[in-house]
Amino acid sequence: MSGLIFNLFIFVLASFVGFELISKVPPTLHTPLMSGANAISGITIIGAVIIAGQIDQQVAQIIGFAAIVFATINVVGGFMVTDRMLEMFKKKEDNDG
Amino acid sequence: PNIIQLCYLIATGVFIFGIKRLGSPATARSGNQLAALGMLIGLVVTLFDQQIMSFEYIIGGIVVGSAIGVFAAKKVEMTAMPEMVAIFNGFGGGASALVAWGEFVRISDPTLLGTQDLITIGLSILIGSITFTGSFIAFGKLKGFISGNPITFPGHNIFNALLTVGTLVLVGLLTVNPANQLVFWLLFGIALLLGILTVIPIGGADMPVVISLLNSYSGIAAAMAGFVINNNLLIISGALVGAAGLILTNIMCKAMNRTLTNVLFGAFGGSDSSDSGPAS
């Protein structure tokens, strides 16, 4: 049970950090920020790897495999499109200036 | 194992810096790259976890997922970015639900699972599934596969509320009686349905806000998956995204002179256009 309490502690504290991290974001950054944060939520890939890597149950491994595919799409695709968006953004700034 | 935890700590710090830098135009690109680095650190050190005994599925999954992700990210047009983000987000939420399902299946006798495991498995499946189907509906609305107009039926709001309560009851039932397969599958099914029914009454113009909210959900789903497998990095990163996503959703609503309640339930109020309404 103490494990759960400890986990709750870090969950709540990390949430507070998350709330404070973002304050004034210019509208042009809304979509890239959303996209970048979305890629981070693909962190669940770590859970997927742990499920797919165990050898207790093959069915669970297969579910883990599907989870890895899903999460990897989220992570790889997410960081790449964010980078593409921000690259555009940079160019636009240069043109304006 | 201590080394792994230490690297997780580093990855956490890198994520926090990354998100911070993403919020400002001059540093945004490096922030994104930092976050990607954090992800890489987290993933690589996890491969040294003692629980991991077989690598075929891991390597296979990463290869397939990367190929799809790279292809989609390269091919998408700049104007179609929000719907692409929706799709990626849907997969992320779906992955968290799958992680919880996988853990549920891995323990061959579910009655051996503790109450806290069962609650978090239930919540992870619930939130992950809502994110999954909700994101695909958002994609469909932006892409024009589904009408961008609000699609509702009489009593939609009440029906959704009942379904939400129903899923929470099912999470409770799963905790009490984990051996009951029917409860598990009902929970999964209703959660998937709830994702569709929550997003479909919202107009296409509001989809960016909805995607941002679903992004916050997928963070929370990841954090719940972290509770399930007892992993710090998942809990912290998931909570960060969940909270930051919520703030961003709020900022986006304000930029449109709307409240979140108005966006989510506005289709039921009768006045569907941009009347800002009293904040409730």
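Note that Cβ sites are derived from N, Cα and C of the backbone, with glycine treated the same way.
Keep in mind the model is a prediction, meaning the values are calculated, not measured.
As given in TrEMBL:
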- A:6-23: transmembrane segment (TRANSMEM)
- A:8-91: domain 'NAD(P) transhydrogenase alpha subunit C-terminal' (DOMAIN)
- A:35-55: transmembrane segment (TRANSMEM)
- A:61-82: transmembrane segment (TRANSMEM)
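Residue counts for the domain 'NAD(P) transhydrogenase alpha subunit C-terminal' (A:8-91) under DSSP (helix as H, G, I; strand as E, B; rest coil) come to 75 helix, 0 strand, 9 coil. Averaged across the domain 'NAD(P) transhydrogenase alpha subunit C-terminal' (A:8-91), pLDDT in this predicted model comes to 91.
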